[in-house]
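Only one structure is covered here, and it is reproduced in the block below.
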Amino acid sequence: MLHLLALFLHCLPLASGDYDICKSWVTTDEGPTWEFYACQPKVMRLKDYVKVKVEPSGITCGDPPERFCSHENPYLCSNECDASNPDLAHPPRLMFDKEEEGLATYWQSITWSRYPSPLEANITLSWNKTVELTDDVVMTFEYGRPTVMVLEKSLDNGRTWQPYQFYAEDCMEAFGMSARRARDMSSSSAHRVLCTEEYSRWAGSKKEKHVRFEVRDRFAIFAGPDLRNMDNLYTRLESAKGLKEFFTLTDLRMRLLRPALGGTYVQRENLYKYFYAISNIEVIGRCKCNLHANLCSMREGSLQCECEHNTTGPDCGKCKKNFRTRSWRAGSYLPLPHGSPNACATAGSFGNCECYGHSNRCSYIDFLNVVTCVSCKHNTRGQHCQHCRLGYYRNGSAELDDENVCIECNCNQIGSVHDRCNETGFCECREGAAGPKCDDCLPTHYWRQGCYPNVCDDDQLLCQNGGTCLQNQRCACPRGYTGVRCEQPRCDPADDDGGLDCDRAPGAAPRPATLLGCLLLLGLAARLGR
């Protein structure tokens, strides 16, 4: 009977844009089967599942007992905070309790009695689960809102933090930022972090209590002021980079940096009126299940998705065993109105194993949670055989499933650094080499089983003394000259006695040794003539 009831509920008509049904029993030509849809859990009050932590230790009032007063009656300090007295204590849990009408219960910090040392507090809300905000975060302060505050979020259970929104009565002075309002942002800036002055200026502690992180104003940029065009919002959540992730978190942290001052400067004569007091923190959202579940419940002390589509894990972030023929993928809101489930599939559900026809075998890598192709053919490689092997490049005129999708680089072994090339087929050349395959030389080099710098040319490396440059490799020097570029006179043996005859070009000055020999001969001839 219960099985029939469950089947009946799954067969109810699908509500457009709600994404509240994960599967439906349908009849096909091959018989009845389940049809899957993208789905998500219902919105809930996340504060009912939160764990709160207040830092630093000793920031909560009452230990030891302490007097305090309000800004309205700053000199009537008859109020007392005493942690040992339940009627006078203000522990952190009172930020999330159910209050009777007309009676506010609240957490309260110590007063600023140690001024000028800063009065700062961190309030961390943790869910140990990835959640998505669907409405404004509303923080209610008794006795005045902080004049400086930062709201931060974490995506990794509090290991790292990033700013979510800045709050100050003067944004430029506090954070060096211009003040902005969420309602004035554009579609391209809806996920940017801003500083607002809207919730920090003094308006009387009993008049303005709320501090907001505006989710609805950001949604309204896409869905309209009444949030009626949800189809457009879902479309933008899928298509706008970073938008969906902006509303996703595991933890929130309020960094209270300066308390309410009552619209004036700090008055040193009465520091008991400066403190923080929070009566409520409202967080509306849903479990993030990657559009693979419509139910989320407390199990083993934390929220967990009740996964469909053959997925598993706290966020339905993995495929079940025996359903790993293809890599896990999150569901999608598109196409409207039911989205794409991207369900994990059993073995044999996909004949080509998503390898573009270059392999018919796949393997599941557990620690990476991916399915990868094995033994890619046609010189391909990669998770889906979508890349070319080293030494090959993509054929731009061929489709990914073409056997000739990868072309060999054919780099010249001597002129190239290695046998690999870039995506256009150009090889990495050694010094002096050029050309797509490195089989040519730069104009300043010549080829001889590799590229070598020119010895001579007709431009800058000229052969001297009438020499002729032969193929940029050497200078052919005229009689009487030698050297790389014919820059040195040549000396040859002159007789059998080992003397040297240094030829010189016409008009060249005689060498000193030759001149000395001539003088000696002239002297000898003069003596003989006597």
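Cβ coordinates are placed from backbone N, Cα and C, and glycine is handled just like the others.
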**Study point:** According to Swiss-Prot, the disulfide-paired cysteine of C411 among C427, C429
**Key:** C427
Study note, to complete from the structure: Answer for the disulfide partner of C451 (Swiss-Prot, candidates C441, C463) is C441
Revision key, fill the gap. Correct disulfide partner for C305 among C289, C319, by Swiss-Prot, is C289
Check your understanding: Per Swiss-Prot, which of C171, C287 is disulfide-bonded to C195?
Key -> C171
Practice item. Could you tell me which of C316, C319, C355, C362 is bonded to C344 by a disulfide, according to Swiss-Prot? Key: C319
Exercise for review: Let me know the DSSP-derived helix, strand or coil state of C171 (disulfide bond), please.
Suggested key: helix
Revision key, fill the gap. Long-range Cβ contacts under 8 Å made by the region 'NGL discriminant loop I' (69-88), restricted to residues 6 or more beyond its ends, are 60-63, 108, 143-144, 204-206, 260, 262, 267, 270, 272-273
Practice item. Work out how many Å separate C451 (disulfide bond) and C39 (disulfide bond) at their Cα atoms, rounded off. Key: 64
Study note, to complete from the structure: Simplified DSSP label at C22 (disulfide bond) comes out coil
Check your understanding: For C316 (disulfide bond), what residues in its own chain, 6 or more apart in sequence, show a Cβ-Cβ distance under 8 Å?
Key -> C289, N290, H292, A293, C305, C307, E308, H309
Exercise for review: Determine, to the nearest whole angstrom, how far the Cα atom of C22 (disulfide bond) is from the Cα atom of C362 (disulfide bond).
Suggested key: 28
**Study point:** Cβ neighbours of N310 (N-linked glycosylation site) where a neighbour is any other Cβ within 10 Å
**Key:** 20
Study note, to complete from the structure: Here the mean pLDDT of the domain 'Laminin N-terminal' (35-286) is 93
